[in-house]
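Here is the structure we will look at.
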Amino acid sequence: MRNLILTAMLAMASLFGMAAQADDYTAGKEYVELSSPVPVSQPGKIEVVELFWYGCPHCYAFEPTIVPWSEKLPADVHFVRLPALFGGIWNVHGQMFLTLESMGVEHDVHNAVFEAIHKEHKKLATPEEMADFLAGKGVDKEKFLSTYNSFAIKGQMEKAKKLAMAYQVTGVPTMVVNGKYRFDIGSAGGPEETLKLADYLIEKERAAAKK
């Protein structure tokens, strides 16, 4: 009986703690509620988008936190990486990511690209430089180059630009939940806090869908 009471008390304490944490999140402070929600790519699922740039040190530092979190998301949540395209080298790296994603190998080399830029100080600033580096990681060089320069990738680049504009993104890493809520490490208070906020907003959307 004592164990049951203790379990119940712990459960209630946990619930009160979650409620208190939820009360601490304020639209306009930790996150922004977009005035015009952006349609998600998979209707019926809660979409979580991470906007990033391979050259961003904060994005690189965020990887050890967000990767394990994203791999444990429940089936009703769809996680999407989206390159932020602010021109210049941002677009070059963004086109590389979209090419790798189209080839189905982004998961195999995503971390390697980050490390090449931030640890090995490679620029990866041209298609040829990227292709040579990626070939050493098992990516078909000719296929990469042909895909990189394809009309399909150019179309995906335009789509990514429009999404970033719709999300009103000004920096990275930035996260958007279900096309409605935008926030970043600065507004949330750190990497771990960013994912706690993401969890809260995911649950908020899940609860709203049940009403």
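Positions of Cβ are set from backbone N, Cα and C atoms, glycine also.
For 1-22, the entry in Swiss-Prot reads signal peptide.
Per Swiss-Prot, the feature domain 'Thioredoxin' maps to 23-203; the stated evidence is sequence analysis.
The disulfide bond annotation in Swiss-Prot covers C56-C59, and the record cites sequence analysis as its basis. Spatially close to C56 (disulfide bond) yet at least six residues away along the chain are V172, P173, judged by Cβ distances under 8 angstroms.
Counting only same-chain residues six or more apart in sequence, the Cβ atoms lying under 8 angstroms from the Cβ of C59 (disulfide bond) belong to F52, W53, F114, V172, P173. In the three-state DSSP reading, C59 (disulfide bond) counts as helix.
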